[in-house]
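K.L.:
Please see the structure below; I have some questions.
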Amino acid sequence: MDFDDHDEGDGDEEMPPMPLSSGYDAPMQPGLGGGGGGVPKPGGGVGGGGGGGGGGGGGGARYRECLKNHAVGIGGHAVDGCGEFMASGEEGSIDALRCAACGCHRNFHRKESESPTGVGPAEPSAVSPAAISAYGASPHHQFSPYYRTPAGYLHHQQHQMAAAAAAAAAAAAGGYPQRPLALPSTSHSGRDEGDDMSGMVGPMVIGPMVGMSLGSAGPSGSGSGKKRFRTKFTQEQKDKMLAFAERLGWRIQKHDEAAVQQFCEEVCVKRHVLKVWMHNNKHTLGKKAP
């Protein structure tokens, strides 16, 4: 009976709350180290869960200088100069993951293993390139082998290289020489325009140019397809228009409208045609007249 009462008394006792691990490690068995995710410590004791005590973290690791890039917004690289992680709160609290010196998260600080071999066990709190890029830290090659060039830059560069390779393959398949797409130079005036254009344009440029040249070729061979109409005058009409223009002073004014209308009916020319002829010959025939 005493033994049963003792069991009932033990069942009524309240279990103590489990401390919150600052390193987000999995629950460990007694006698195992905390930094290695279930790997025994060299000393044989019970280790903490990757906390930030004494140099920035337990479990056989220390967190040194801060690597957070504070100039990532302007495309530069600048660190705050914090030399070592110092936890802002007690072990097990959320503040234990924030540095009291620089205010950055512990993951921004360089992790240094304290194991004798120099290679510590893999911890869940190890800094990954994705976490660094998400928090705005610029990867730098001199701090840790985890850091790489930003993924966006590599993707853009690879996209340009792939596009250039595709263009070169298309040019080779079409039988065109692989030459850079460029406009002909205007400094070489001695060469023929066709010679300059033949070796410097690709298939994507030649197609539209051929279409433009075929569409613009008209009956007269000029730039526009529509032929310009030019009025031809007889010598008698020219003589009469010259005499009439000299009488008006090579200017058509409002009070001369009646005379101009009568003259156009006699010579069989339109008013705007007479006006254009006077404008074109004002400085040639007008100056020759005495």
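The backbone N, Cα and C atoms fix where each Cβ goes, and this holds for glycine too.
In case it helps, Swiss-Prot gives these features for our protein:
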type: COMPBIAS; residues: 1-15; note: compositional bias 'Acidic residues'
type: REGION; residues: 1-59; note: region 'Disordered'
type: COMPBIAS; residues: 31-59; note: compositional bias 'Gly residues'
type: ZN_FING; residues: 63-112; note: zinc finger
type: DNA_BIND; residues: 226-289; note: DNA-binding region
type: SITE; residues: M278; note: site 'Required for DNA-binding'
K.L.:
For the DNA-binding region (226-289), how many residues does DSSP put in helix, in strand and in coil?
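P.N.:
Secondary-structure composition of the DNA-binding region (226-289): 43 helix, 0 strand, 21 coil.
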K.L.:
Can you check which residues sit near M278 (site 'Required for DNA-binding'), meaning Cβ under 8 Å from its Cβ, same chain, 6 or more apart in sequence, and list them in order?
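P.N.:
Counting only residues 6 or more apart in sequence, the Cβ neighbours of M278 (site 'Required for DNA-binding') under 8 Å are M241, A245, W250, R251, I252.
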K.L.:
Please give the average pLDDT for the zinc finger (63-112) in this predicted model.
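P.N.:
That stretch averages a pLDDT of 91.
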K.L.:
What is the three-state DSSP composition of the zinc finger (63-112), stated as helix, strand and coil residue counts?
P.N.:
10 helix, 12 strand, 28 coil
